[in-house]
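Asker: Input: one structure, supplied below.
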Amino acid sequence: MDHYDPQQTNDYMQPEEDWDRDLLLDPAWEKQQRKTFTAWCNSHLRKAGTQIENIEEDFRDGLKLMLLLEVISGERLAKPERGKMRVHKISNVNKALDFIASKGVKLVSIGAEEIVDGNVKMTLGMIWTIILRFAIQDISVEETSAKEGLLLWCQRKTAPYKNVNIQNFHISWKDGLGFCALIHRHRPELIDYGKLRKDDPLTNLNTAFDVAEKYLDIPKMLDAEDIVGTARPDEKAIMTYVSSFYHAFSGAQKLSAWKSVWPVLQCMMGSFLPLSHATHDCFVLSYVLLLTLSFQPLFLLCTDIIGTLRPDEKAIMTYVSCYYHAFSGAQKAETAANRICKVLAVNQENEQLMEDYEKLASDLLEWIRRTIPWLENRAPENTMQAMQQKLEDFRDYRRLHKPPKVQEKCQLEINFNTLQTKLRLSNRPAFMPSEGKMVSDINNAWGGLEQAEKGYEEWLLNEIRRLERLDHLAEKFRQKASIHESWTDGKEAMLQQKDYETATLSEIKALLKKHEAFESDLAAHQDRVEQIAAIAQELNELDYYDSPSVNARCQKICDQWDNLGALTQKRREALERTEKLLETIDQLYLEYAKRAAPFNNWMEGAMEDLQDTFIVHTIEEIQGLTTAHEQFKATLPDADKERQAILGIHNEVSKIVQTYHVNMAGTNPYTTITPHEINGKWEHVRQLVPRRDQALMEEHARQQQNERLRKQFGAQANVIGPWIQTKMEEIGRISIEMHGTLEDQLNHLRQYEKSIVNYKPKIDQLEGDHQLIQEALIFDNKHTNYTMEHIRVGWEQLLTTIARTINEVENQILTRDAKGISQEQMNEFRASFNHFDRKKTGMMDCEDFRACLISMGYNMGEAEFARIMSIVDPNRLGVVTFQAFIDFMSRETADTDTADQVMASFKILAGDKNYITVDELRRELPPDQAEYCIARMAPYTGRDAVPGALDYMSFSTALYGESDL
């Protein structure tokens, strides 16, 4: 084990201070961590003859916690307290925490009281800290350590395996092939890797877990079902389990190395020694290994050196000089190979980032292309239910489908900026995406999507209003048509009667008066017919789906009405011709008929109005209906007087008939309206009045509730809208100020980001109020100028702005660290940039940038300034950002790799030849990078070319964009 460096531990453990322990509240992750950490602890506690069952309960007294630390560290802790009281338990846990702190581990927010109280979150956090320090921290692979070293070890071990791509410690392990590849790489006899399938993760995971537990003594720390059933498995649980593989296989490799060299050592020593004595004589071992690796002749014998008190100095010097000459040439080749590996690794990483950007951009544009036609579809529906379903589908799109795409768009911009920064830092040309996949293209497509959204929502709401109006008009048409058809039933037959031909004079007079009363009634119904026609016309104009049946019924009513008018005129002419012969008429019956007919029409109209449906959207409208109803009720006493007067006329007629014994048929010859009918309709009107009162009261209550919803939404929107605008302005000020270091600015921005994210519940609450408003069919709100669309757009812009600003500061830190720029230089650059950024937009135009360069001592012409502008503004936008300004200023003094340096390195590997061979590449470079060079190097065509010679000079210039690769 390497010497433990406390400073190194602090550097690695520092990020864990920001560990978000709230993630442990995720039930899936907490379950995985409980099982994994419990199994890991038991794998060590078994060495002391004990184990734990419940991780938060069994460590509460501190005894097993102290025992665990003694086992994994090999050191003795202070004597524990054996008492059962809380103070004894806290004392034991504090001793364990003090021991952890003595190892250079910084514990944040973890106290003994929380462990003693059984706090699950803190207990799991403490165990993870122990795992990091004692199981992961000491892992070292090629100058990387801890988590990065363990990840690099996994990538190296699984690189030759199909369908295995280890990039992290969560989703890269879900299919189980990574675990199986690690086992097969070291113990191929345990797993038949060729029979494994990527689409069967449960079988792969269970196979790896069972084999590791049975043959490798690695306890089963994970459940296959938990990993497969979780979208993103817990990273800490996976790292803990994978570290067990590292320790198991790294120990086996060391033992294998001893076994391979031990027979040589035995032969040279001339005797058989057990392997357990291998570490007793370091000098003998180093001597044998040097002979084996350097292939030097055996100048000295081991027995001569060991058996001599003071070996001969000249002999030792002569032999050691051979090693100097053997290893000095190899060191140059190793240095050259390391340089090439570094350059190729940067190029490979950049190519992968470009491919990821192209794929993410293509997927996002394809989603926008599929979504816009759906939003532009304006095919209307015939029913309110169908349109409400469309509105619900649109709400689901807003809540479920669009938010992930907003995050993808933001991540795409961040990835693009990060890639461009890495390309500039590695002295590579700027990345130009494929045609139509620039960030501006994606922003334009996104703008089209949002425009389509806005139009689609407006269309939906207008269609719902239209259908609501159509349903109301259609019901009103049916009611009026039914009343009219009921009234006209039999009227045509009555008008076609020839009863006047055999009637007496009095009967003729009665028929004439009756006909006059009918004409009066007919005229009274003219308004109803006109209303029916007007409603039908409005239904046609609003494109009602059942317009043909409405038109047919309306046409039938109009034709019947014209026929009634013609028949009425014809009968009147016949009665007037006969009127000269008949003179007697009963004036009382006529008076009754004249007053009963309009009163009957008034009652029918009143019943129709009292039963008429209404639709309102404001309190003022319902108040207007209520006022009209109250005015109607005020006319009821006068109407009752009219009814009593009409009934009095009928009673007087009856009295005259009884008094003078007039021979009457018993009915009024001038009208069909009887007193019983009048009384019945009057009673019906009186019953309908309180019903109308109740309906108006209920509607008034509903409008009051709608008004409360408007006020509630307006109050929240009037707070959230200005808050979003304020945050946007604050972020803009932070991005151009120079308070503190870049890390201070980054921390400040992240605190802003956290406060903004914490504000999300208020946005969700406002969304809920907005949904209630839409469900209540409320279409306007006088209490606020903010709509939900304004709030959504502002919120999305706020999230995008804070993420983009954080990314810009991170790129500035990356540039500063890569170029060795001090904080004072960064402040000077920022001061110069802010001074010449006269518009305070965070960007300088061409003239401002030219003035800045002149102030810094640059003396240049138009050609030189054009060259500099092509560097700081590769997209030719006419502006220079602060990041581009820093890149340019740091480029002037930066010492970066160049094509000439890479060519010189290749020349060393090629032994000063102008070409290099495939065998030399494969001998000096790692396999993947050697194959990378072979696949991209052009054949060498010089006069000194040999078969298979490759041109490393053109390849080196292509790496830096000086030629085509």
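The backbone N, Cα and C atoms fix where each Cβ goes, glycine too.
Automatic prediction, not curation, is the source of TrEMBL annotations.
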Asker: State the residue range annotated as coiled coil by TrEMBL; the candidates are 63-90, 203-230, 343-370, 595-622.
Answerer: 343-370
Asker: According to TrEMBL, which of these ranges is coiled coil: 123-157, 508-542, 928-962?
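Answerer: Coiled coil, as annotated by TrEMBL, spans 508-542.
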Asker: Excluding the flanking five residues on each side, which residues at least 6 beyond the ends of the domain 'EF-hand' (824-859) place their CB within less than 8 Å of a CB in that stretch?
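Answerer: Sequence-distant neighbours of the domain 'EF-hand' (824-859): 732, 735-736, 738, 741-742, 812, 816, 865, 868-869, 872, 878-882, 885-886, 889.
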Asker: Do any residues, 6 or more residues outside the coiled coil (343-370), come within under 8 Å Cβ-to-Cβ of it, and if so which ones?
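Answerer: Result: 405, 408-409, 411-412, 415-416, 418-419, 422-423, 426, 428, 431, 433-434, 436-437, 441-442, 445-446, 448-449, 897, 902, 925, 929, 932-933, 959.
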Asker: For the coiled coil (343-370), report the average pLDDT of the model, please.
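Answerer: Here the predicted model's pLDDT, averaged over the coiled coil (343-370), is 87.
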